[in-house]
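First the structure, in the form of structure tokens, and then the observations on it.
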Amino acid sequence: MPNVVVIGAQWGDEGKGKVVDLLTEHAQVVVRFQGGNNAGHTLVVGGQKTVLHLIPSGILHPGKTCVIGNGVVVDPAVLVGEIDALKVRGFLKDDAQLLISDNAHVIFPWHKLLDSFREKARGGSAIGTTGRGIGPAYEDKVARRGIRVRDLLNADRLRTRIEARLPAALDELKDLCAQAGDPVPQLEVPQILAEFTGLGERLKPFVHDASLYLSGQVRRGARILFEGAQGTLLDVDHGTYPFVTSSNCVAGNAAVGSGLGPTAIDKVMGISKAYTTRVGGGPFPTELHDAIGDQLRKMGDEFGTTTGRPRRCGWLDGVVLRYASRVNGLWGMALTKLDVLSGLKTLQICTAYELDGQKVMELPGDYEDLARVKPIYETLQGWDEQIAGVRTFDELPENAKRYVRRVEEVSGVPVVCVSVGADRGETVLLQNPFRS
């Protein structure tokens, strides 16, 4: 049976949650393999809106198993809150539906404080972090001083590890607070230990060796869907560094972050909006600073799920999509929010860049070069029809069909899914990755 990775092909917020929710019908297991609660997936099912930050989107489907892999950094309080909220609404009736890797790393209060105060200290060169402690938690992981989910279940071990890490974190916080003129937050071992052992008890029924579970599912031929967070251009290695997140968002990390071998993955499906958005700092060649940009933001409800920050909006960037295809090995692409373009008289697609008088077809590796490029646009005619009721490709207005086909040509990736509204049902699935 094929196993499929769903990955963001832009700077995140592409609509991955909706596509994963749609494809979960055909999968048996859904895996989150990187990031933390800096990601937010918004799902609308039957007009009811659900926002998830850590638990995979497939949890809204009864009988599906959702896994939070070892590559995720977990804020236990946020996770417990999501579990409780889902149960109140009638989801997650069986605890066996959710597995948390015992090797996933944990976000502690000092991580969030360091994240916020470091960002404040950057001033005008701020990266745009969410302040959720994601980066500092990954930093501790790589420095081999991190605390994992398994440690929450052993109070003595947890105390030892908090005592080993907290003093250095407090020293840095004192320096940062002195620079900012702020009081130093009070962090003490007994309070942190009590809180996190309590959270560990709440999470204990869900904690497992996720790698062992998933390898067993692969052997049994289960269909597994890997749910990426953020997007390709936010990848710590392949994104617009340093304006990136702290994890690998590309498809290659799906195996590493879930504890499987790379041969377990069969197809990679990229997700792209019909236009482009970005949150926070960093280069954005097709960004619009005009009424059209404002219209895209308003009609697309482009405000961060996690932070509420307004997203920067611009035209679709074919150079970015070609790059995403290259580094992820895209089998196909879902084009989301096509309905947001309804009513625009003309549309533009960036097909290449101009850099220092030269035409550039590929994404520059240096973010300073990317900040200097000028987009080369191709203009297409728009459409006036509202398309939320469309359920087949042939029902789309002719100009909408031409737009989709041109996106395929510019990106080099077939469009296998088109989203025409926020609800799960407002989708045209042209090819099912689990069947074709």
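Every residue, even glycine, has its Cβ placed from backbone N, Cα and C.
Database features (Swiss-Prot):
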ACT_SITE  Asp13  active site, proton acceptor
ACT_SITE  His41  active site, proton donor
BINDING   12-18, 40-42, Arg311, 337-339, 419-421  GTP binding site
BINDING   Asp13, Gly40  Mg(2+) binding site
BINDING   Asp13, Glu14, Gly15, Lys16, Asn38, Ala39, Gly40, His41, Thr130, Arg144, Gln230, Thr245, Arg309  IMP binding site
BINDING   Thr305, Thr306, Thr307, Gly308, Arg309, Pro310, Arg311  substrate binding site
Around the Cβ of Pro310 (substrate binding site), other Cβ atoms found within 10 Å total 14
Fewest other C-beta atoms within 10 angstroms of its own C-beta: which of the recorded positions Lys18, His41, Arg309, Arg311 fits that? Arg309
Would you count the other C-beta atoms found within 10 angstroms of the C-beta of Gly308 (substrate binding site) for me? 8
In which DSSP state, out of helix, strand and coil, do we find Arg311 (substrate binding site)? coil
List of residues, in chain order, with Cβ under 8 A from that of Gly12 (GTP binding site) and at least 6 apart: Ala39, Ala229, Gln230, Gly231, Leu234, Cys249, Arg278, Val279
Relative to the Cα of Arg311 (substrate binding site), which of the recorded positions Asp13, Lys18, Asn38, Thr130, Leu338 has the closest Cα? Asp13
Binding-site residues: Gln230, Thr307 - member with fewest neighbouring CB atoms within 10 Å: Thr307
I'd like to confirm something. Which of the binding-site residues, Lys18, Thr307, Val420, has a Cα closest to the Cα of Gly40 (Mg(2+) binding site)? Thr307
If I take the alpha carbons of Asn38 (IMP binding site) and Thr307 (substrate binding site), what is the distance between them in whole Å? 8
Record-annotated IMP contacts Asp13, Glu14, Gly15, Lys16, Asn38, Ala39, Gly40, His41, Thr130, Arg144, Gln230, Thr245, Arg309; largest Cα to Cα distance in whole Å is 34
In the structure shown, which of the recorded positions Asp13, Gly15, Gly40 has the fewest Cβ neighbours within 10 Å? Gly40
